[in-house]
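Positions annotated as transmembrane segment by TrEMBL: 43-61, 84-104, 116-136, 156-189, 209-233, 253-277, 362-381, 401-432, 444-461, 490-509. The feature domain 'Citrate transporter-like' is assigned by TrEMBL to 76-447.
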Amino acid sequence: MDSAADTVREDDPKAPLLPLHDPIHRSQSFNSFIRSIFTMKNFFVLLGPLLCAFVCLFVKLNDGSRNMLAVLAWMFTWWMTEAVPMPITSMAPLFLFPLFGIASADDVAHSYMDDVISLVLGSFILALAVEHYNIHRRLALNITLLFCGDPLNPPVLLLGICATTAFVSMWMHNVAAAVMMMPVATGILQRLPSGPTQSILVTNFCKAVVLGVTYSAAVGGMSTLTGTGVNLILVGMWKSYFPEASPISFNTWLFFGFPLALLIFIALWAILCLLYCRKGSSQALSAYLDKAHLRRELDLLDVDSTVDDEKHYRRHPGWGSLFKGRAGDGTASVMMATLLFIIPNKKQPGEKLMDWNKCKKLPWGIVLLLGAGFAIADGVRTSGLADVLSEMLDFLEKAPYWAIAPAVCLISSTITEFTSNNATTTLVIPLLIQIAQTMHRHPLLLMIPGAIGAQFAFLLPTGTPSNIVGFTTGHIEINDMLITGTPLKIAGILVLSVLMPTLGAFVFGTNEPLLNLSRS
């Protein structure tokens with residue numbers, strides 16, 4: 001009977017086409033719909049364009065500078081709030097820059113594939129190869145065994161991981177060092193529980209390790225000329241502007257750079273221990289990092305000797321000069337990565353060291369984020385916003401001697417959070433040279449704090465590729481970088497403020513009269 005009645009109702013031409021709901025249910029559905037719209041995430045999505053519009057309407061700058069500042073407000077709002085996935089926000093310059101007249105679509109697209117990004121891509125493939133053949137696990141186990149202690153001492157283990165990263169970064173590019181050491185660090189963290197069962201003590205230690213590797217790569221690179229491109233830019237500009245002056249040699253920089261990096265490294269380790277290695281960490285970690293068990297696992301780990309070729313990638317001074325400057329770091333990185341797909345692994349006939357299936361884990365989000373950083377750096381320069389920032393440095397002409405280094409370092413370290421390290425150095429140093437001439441001061445008294453400050457990009461993932469490598473592990477968030485990076489930046493500025501007028505004056509002769517220098 002019910003079935004027949006239902007059939008009659010379905011055939012009734014007066015029956016409603018849509019099912020009827022009672023008013024209470026309709027009200028609940030409407031309220032749920034409203035709540036789904038008015039969320040904090042959607043608010044932050046709208047906040048980006050609103051801030052952009054505010055800058056365009058009320059900030060008094062020339063059109064290019066104002067539009068670039070507006071786009072920065074939009075993008076950094078989305079980055080800071082993560083209202084939109086970070087890789088998607090990283091692609092925003094591809095449509096925002098042309099729409100706001102900052103750059104053409106082709107020019108913006110070129111920023112997403114240059115020599116540095118080629119270096120990073122090649123390094124990621126090499127890192128995947130290291131991970132595939134368990135080289136990172138062997139190194140991770142050795143570091144853990146050497147520094148974990150018995151009983152386990154988390155601060156000492158953290159010191160060992162960070163010190164190893166800093167040492168590696170002294171002799172190779174800091175980005176490559178971060179890419180190489182991050183799998184080692186995460187290899188140690190893989191032994192710890194994850195997910196809902198992970199205690200706050202374990203979570204904090206994971207953050208400390210990832211932040212330690214990220215920042216240690218940057219700090220270690222300050223020690224030598226080969227550790228970062230910023231130091232090479234500084235030396236090149238010094239030679240270009242003052243060809244008759246004594247050049248800055250590798251050893252000269254090492255005498256100043258190593259003590260500087262060492263003191264900043266100690267500050268980094270102390271900050272990480274205070275923030276993340278709290279009481280009870282040893283007991284929480286010791287169950288998963290037992291020394292006897294680690295030693296047994298290391299004995300069982302068999303790493304085939306045929307993968308030694310993977311460790312051949314390092315920075316070779318003079319590479320570019322062999323090809324009249326046409327070859328760069330990315331050339332070497334991609335070439336070595338390509339060889340992994342050609343060299344046999346001597347395990348099975350026809351099998352190579354790497355195949356493309358192993359590369360499916362390539363972190364393309366990092367590539368997009370890095371490209372966005374380069375696009376922003378180009379946009380800041382071409383839009384005229386760089387000139388506006390430069391005009392803010394005029395007050396340095398009236399600064400007392402002791403305040404020069406901290407003031408220059410603070411300004412440079414602020415700018416570098418929004419542009420690449422190299423772009424900041426290229427932007428700031430020529431202006432500092434001009435100001436030094438006006439002040440009748442030795443140019444290196446301003447140039448070195450400007451270059452070192454450009455490497456203090458500790459607050460945002462976009463500040464440097466090393467930060468991006470750490471951020472994409474999933475163990476840290478932007479707030480963690482802000483909480484750790486702020487005191488680290490302050491410590492770095494304080495260390496430089498003390499060393500520059502003391503050790504710097506001894507090593508670089510910054511107390512000499514300006515008349516002894518000739519400018520081209």
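Using the three backbone atoms N, Cα and C, a Cβ is placed for every residue, glycine included.
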**Report entry** Long-range environment of the transmembrane segment (209-233) - Cβ separation under 8 angstroms, sequence gap at least 6
**Finding:** 158, 161-163, 165-175, 177-178, 181-182, 184-186, 188-189, 248, 250, 253-254, 257-258, 260-262, 264-265, 268-269, 272, 276, 315, 317, 421-422, 425-426, 429, 451-452, 454-455, 457-458, 464, 466-467, 469-471, 473, 475-476, 480-481, 484-485, 488
Requested in this report: Grab the same-chain neighbours of the transmembrane segment (84-104) for me: Cβ-Cβ under 8 Å, and only residues 6 or more beyond its ends, written as numbers and ranges.
Outcome: 45, 63-64, 67-68, 70-71, 74-75, 78, 111-112, 364-365, 368-369, 371-372, 375-376, 378-379, 382-383, 461
Query raised in the report: By a Cβ-Cβ criterion of under 8 Å, what residues six or more beyond either terminus of the transmembrane segment (156-189) are in contact with it?
Result: 116, 119-120, 123-124, 126-127, 130-131, 136-137, 139-140, 143-144, 146-149, 205-206, 208-210, 212-221, 223-224, 226-229, 261, 265, 268-269, 272-273, 277, 289, 313-315, 329, 333, 464-466, 469-470, 473, 475
Report task. With a Cβ cut-off under 8 Å, give me the same-chain residues at least six positions beyond the ends of the transmembrane segment (362-381) that come close to it. Result -> 68, 71-72, 75, 86-87, 89-94, 97, 102-103, 107-108, 111-114, 116-117, 120-121, 124-125, 128, 389, 418-420, 423, 427, 461-463, 465, 468-469, 472
Requested in this report: Grab the same-chain neighbours of the transmembrane segment (444-461) for me: Cβ-Cβ under 8 Å, and only residues 6 or more beyond its ends, written as numbers and ranges.
Outcome: 76, 79, 86, 215, 218, 221-222, 228, 230-231, 233-234, 237-238, 256, 260, 369, 396, 404-406, 408-413, 415-417, 421-422, 424-425, 428-429, 432-433, 435-436, 467-468, 471, 478, 481-482, 484-486, 488-489, 492-493, 496, 500-501, 504, 508, 510
Query - Within-chain partners of the transmembrane segment (253-277) [C-beta distance under 8 Å, separation at least 6 from its ends] - result: 154-155, 158-159, 162-163, 166, 204-205, 207-208, 211-212, 215-216, 219-220, 222-225, 231, 235, 448, 452, 483-484, 487-488, 491-492, 495-496, 499, 503-504, 507-508
Query raised in the report: By a Cβ-Cβ criterion of under 8 Å, what residues six or more beyond either terminus of the transmembrane segment (490-509) are in contact with it?
Result: 246, 248, 252, 255-256, 259-260, 263-264, 267-268, 271, 401-402, 405-406, 409-410, 413, 442, 444-445, 448-449, 452-453, 456, 458
